[in-house]
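Copied from TrEMBL, the annotated features are:
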ACT_SITE  Glu169  active site, proton donor/acceptor
BINDING   Gln30, Glu96, His123, Glu169  Zn(2+) binding site
DOMAIN    27-173  domain 'VOC'
Amino acid sequence: MEGGGGLSDEAAAAACKQGDPITTDYMLQQTNLRVKDPARSLDFYTRVLGMTLLQKIDFPSMRFTLYFLGFEKKSDIPADIKERTAWTFSRHATIELTHNWGSESDQSLAYHNGNTMPKGFGHIGISVPDVQAACRVFEEQGATFLKKPQSGKIKGLAFIQDPDGYWIEILNSNKMVSLMSPPVTDTPGGNIQTTAVGEPQKKTETLNDKPVIVKNSV
């Protein structure tokens, strides 16, 4: 990675190794987010994003509650608590919200979303059939936008925030084909160079029409 650049295609492929056969049936089951006020968060993830509350699990001795949400039909949720638990933990790509009791009343508490220093966690992504239509509804519902579909240099996707400030990318799978296809340009030396979205060099993007410097992908 000379000059601070990213891995070449060959280096990226070489860094990947074949997993043990035991991993064949592994899956991404959940992403955990700590939330300050569960009532506000549940309202956002169900009313705004359209998710379903799959299960609520209380831990009284440790004073916290877990809320599992996903894009599932309410009618599919088992009534039996043990069956529901097994079913919930067999769903793909759920969101697990952790509420530490009393945090909603703590005026000094604010969770770090990972997008300011020190940077870490970035965002989750939600695929929708029509980004523009989804964003019109989000706007009507009072969602906080970081980027609207037609703002900035990367058109066709959006970013909103949940009540705790976590970033949520709104995308369409078909649109991503063109957004993630790197443009090819001829250089004076005759070499072919590509510049892909999220390449390591810094570039200027806009959020809420204010210029910001982003490095790597948002």
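Positions of Cβ are set from backbone N, Cα and C atoms, glycine also.
What you are looking at is a predicted structure, and each value in this text was computed from that prediction instead of being measured.
Sorting each residue of the domain 'VOC' (27-173) by its DSSP state yields 39 helix, 46 strand, 62 coil. Spacing of Glu96 (Zn(2+) binding site) relative to the residue listed as 'active site, proton donor/acceptor' is 17 Å (Cα to Cα, whole number). All protein chains included, Glu96 (Zn(2+) binding site) registers 19 other Cβ atoms within 10 Å of its own Cβ. Neighbour density for His123 (Zn(2+) binding site): within 10 A of its CB lie 18 other CB atoms from the protein chains shown. Between the CA atoms of Glu169 (active site, proton donor/acceptor) and Gln30 (Zn(2+) binding site) there is a gap of 17 Å, rounded to the nearest whole number. Cβ-based neighbour count (10 Å, all protein chains) for Glu169 (active site, proton donor/acceptor) stands at 18. Note on Gln30 (Zn(2+) binding site): other Cβ atoms within 10 Å of its Cβ, all shown chains, come to 17.
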